[in-house]
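Take a look at the structure below.
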């Protein structure tokens, strides 16, 4: 099988760089997800891997050999497109057979593989229908089938679930996971949905403006975001960010103050920062506890009661908005003043601009981050 | 083909795909266009370029020199002037009448009427007919013992030799070409009318706008870009009219309905000696006219809708 | 339902009844119907009349023939006449034989008793009958079959080549990024500005040099690369998603295969429109064939019609029938495909 490496890969369209100096390596059998907001270059990277887009500079290597100039057809990858891109004038069976016919596979072998794939994806009952006659989910399965039937060295998925309704999306997520487990092939997956990334990936690469922000296992990204951007991107609801100032640096952490609020202690290494330096305090909505008696003052502005959990929107002090996520049902009302406490383990400190590296949490060093 | 792609590379494939088309364009459009000038600047009755002497602008001066420009008989090539004059008159009358008819018809067909589709197809049908067929259909009705004269006789009027009288022949040439082409313009105008959003009219209704005001203040201004395209297209086509008029009247009686393309055809291909140079020079004159009109069309196309 | 009614009547103007403008519109359309339909109807009706009937003035609307009846004791059927008898009544009699200005007539049921009648006193009894003979004669004439074959060959060949060559070019212009693409596109659209009418002489030279004079190819090739066709197909192909082509590339399809197996089938609606145009263009073509085809065994139907109608001793009966046959394929195309044609024209402004 194959290890895929990107060495200093850059892509320019005219004078704009859409992918800048990307370095990474994807291991055999891995489920690797590129995630990032739209326009971050994730699809371009995938298309360069596929051979649909040329590489402006740098190298894409398989097992150490550069494949920059290899045509898409000879790379042995299969791709599932966002719009499915099933050939609308062919039946599902013909769609599956097309690629195999192109490489001169013998008829009996084609038939055998189609049968096998159809069984795996449970599309046997509509093999002889045109894509138009299929539902969204069925089309998606057929599109995956077209990739599976080729028995490729690697699967490339370009936002394959974004055209499905939310329920189906969850089902297909699990299904793709199952297929990955069954086939064991390397799968490279592009999405803008961090939930998809978190739930499916072995490793995630977060991209912004064509650059790698962080690569790591899903929980690494959640627990130890390399910077404020990653912290804000991974996790739902978003991490809260408050402006703060370093008050005191201790051996096992840093004490910061948000204006008008009691000091907060965070388990982080201040690095080169000094007391008095401005920082951004990141608080996961789950890190906040509503409690009786003592704590920080919080004014409720709105609540969303979802039954199994509740979201509380409000202000810590004037201008410091916060979202709080609580398990179960929290009986608070608009305008109510409540007390909250913060869990230091789920608080993070960042240098003030979003791209700059985070302050490392103390207890969990050494970190695995982008700079491998 | 796959082997070919291996040989030339994927990047060269689009050029390969363009090649047949461009060879045809080059040989049958661009090359002749260039040669047009060569012919126009050479004399003699030989087709082969090597045996044609260079005579400079003599063809043009022969075409364009007149004693008195208002009187074709004083021109060196009076037929050219006659056909040019006929063409201009033909185009002015035909285009004006045709655009008016097309506009009226399109406005009516855009109304909420029964059997609209049927009427639309009906008015469009002659557009598909060949000019020769169109001419013969009408020639058959315009014969001395034809159906028109039978009607006249019914109401007590003596039969008329429609195609032997210069004025009547010209009239019928115009009418027949309108009959044959009007449907095309109706279709374009109708498409333009249907592109006007319905809610504009609903807004106008809310403002208690009268019918006439709706037509003049909403419909026509919004349709103007399409109308402009139609006018220019009709002009471009009108200037090149040949087939139906040639079969209907043969350019006659005399040269009453001889148009510019017929002059080119007859000068270059139907009379001895074949004056290729003169025909090409007349073609160049026609080309200048057409290029002007085409540029006008491109301009009309680019015109913003909300004007 | 009630609100729907008021909505419709509001669109119509006054409530319920038709506005006067509706009446004017219908009147206009009825006149238009007659103006558009009558000439063609008259042609078709006339084409079924015998040469003799075509000389009638004023002509009858429907083609007719004289009624003939069986008469006992007679081998042939005899023509039936309305005869005005001396007492002023009109009766139907058959003509046994005619001598000069008198005819020997009899009642059909008693052929033995004959009466002499002046031929001014009788009118033939007629019935509507279509004379298929005009058409039969055409199909028996080798000339007509030859012209029809030339027209069909030129039209079919030309359509195939137009579709192939133009779709290849449109494919390249719509689905590839390459240096010089917009130049190539502008160049091919620019040929719209070179109608054949302005390059007749040099085009004649080119066709002559290529040895194509008096061959169908002299018509087919110059008309094969149509800017309108490239434009129409390119516009349509732009709507085919690029992902589909990428999917095919990953499926190891060559560029040619992508064209042939993916793009061409998907562009079928646009190809159909262009095919109709191409058929109509070539079938109706006149001026250029008039110049290139001078030998009458190479004539197309259009040229044959033109040359027949110019002959002094022309037979209108065969010209009319031939005109109808020339019109027929186009009428069929129109009837079955008019929807495509009309939307095609409305969307592109091409004819």
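These residue numbers are counts, starting from 1, taken along the chain as shown.
Any Cβ shown, glycine's included, is placed from N, Cα and C.
The transmembrane segment annotation in TrEMBL falls on one of the ranges C:114-137, C:258-281, namely C:258-281.
Here TrEMBL gives transmembrane segment for one range in the set C:20-45, C:46-71: that range is C:20-45. Against the transmembrane segment (C:20-45), stretch C:316-337 has more CB pairs under 8 A than any other of C:217-237, C:258-281, C:316-337. Counting residues 6+ beyond its ends, the transmembrane segment (C:316-337) has Cβ neighbours under 8 Å at 40, 43-44, 46-47, 49-51, 54, 134-135, 137-138, 144, 148, 151, 272, 276, 279-280, 283-284, 301-302, 304-305, 308-309 in the same chain.
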